[in-house]
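Here the structure is laid out as structure tokens; the discussion comes afterwards.
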């Protein structure tokens, strides 16, 4: 580091000047940068290639502001302008500091040139040429410094211009923000006024509705009272007469049905008059879904039914196909949906007799059951109140109410919040009507959710029992499962 003091000239006069070597070579034609430190010391500063000029910084900031101008909101734009104005002020301050540093460099260069001029008068020969070259370099450096000052003045003007532009833009942004705020406040006030008007209109409408509702209620009460008076005066006798007529018609219909079945049975017996053992047994009950058939002896020579071996069969309407009903070995059998459209046949075998009974025709469907099931199919889950009479083949003494859920993907049996059984439709699941069990068989079904787990469930009515069977088979068929009883070959679509 080179050190130059203010008493350089006096020192040169007092002390002898050493001889400058002739092989002195300057490292570069560019004089290094210096700065004045403490005690008027000249300190060499290192160039930093990463430091950008003030002009480049201003240009970069301007480009970024212009790029983001379209994407910023009004409030953010005002904030950005404020930041840009602060940056411009900072850059202006830096330019002022650089101007001061440039003035110090001029002073330093002047002192250095004076020192070299003084040295030039005291040396001779080659050393004098070197000093003159150094003086020329100092003068060139002064020219470069002057040019740099001109550039700084121009940059300062540009910065000032940019600062004025940013300041104006900031003021415009503030005005725009104020206008938007005033507009928003006006809209809020309009919205509040509109809401208040709507509330007032609703209150008026509510008051009018209450008043009209009271009037309508009073009018309706008067009409109801008048209707009751007319009914008490004129209709009671007519209603009672119609009820008696309906009861009489129902009784006549039931009697006609019994007579029709008796006549059909007589015709069947007449057609089978050549058999060796005629008229030993007959069916009692209606041959339709929702009823049950019971074997009754009709002759004194008929063996007791309880001592005979019994087996029920399904026969197609044309008599070509005969299907054994597994487990139907009782004297009572309740037809289920699979039996609709088929003839039922039963073999009664004793030690000395073998009697075969058939229904007079195919089993009839229950009236209105199909429409009821179609309405239930639209639901995702249907609940039926049931009583568990048997569980896994054993009698179930507790007759509490359970709920059987028949869903589109599974069946579930619950008792309150406790789930007794829940299984998805599968090939191991079985469902059919109870095959035997007295006159309550028409209301009971057999359900095997999986292997080793079975239930006998009693429903509130025959209609619900048959609807549950048809609904479960419909949902199982949608899952490509044929839901039937033990050993049954379920036809598609049942």
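Don't overthink the numbers, they just go from 1 along the chain as shown.
Using the three backbone atoms N, Cα and C, a Cβ is placed for every residue, glycine included.
What TrEMBL says about a protein is an automatic prediction, not a curated fact.
Annotated features, as they stand in TrEMBL:
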COILED    128-208  coiled coil
COILED    239-266  coiled coil
DOMAIN    54-96  domain 'Stomatal closure-related actin-binding protein actin-binding'
DOMAIN    100-267  domain 'Stomatal closure-related actin-binding protein coiled-coil'
DOMAIN    281-378  domain 'Stomatal closure-related actin-binding protein Ig'
DOMAIN    381-488  domain 'Stomatal closure-related actin-binding protein PH'
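Helix, strand and coil counts from DSSP across the domain 'Stomatal closure-related actin-binding protein Ig' (281-378) read 15 helix, 37 strand, 46 coil. Residues belonging to the domain 'Stomatal closure-related actin-binding protein coiled-coil' (100-267) score a mean pLDDT of 76 in the model. Under DSSP, residues within the domain 'Stomatal closure-related actin-binding protein PH' (381-488) fall into helix, strand and coil as 23 helix, 51 strand, 34 coil.
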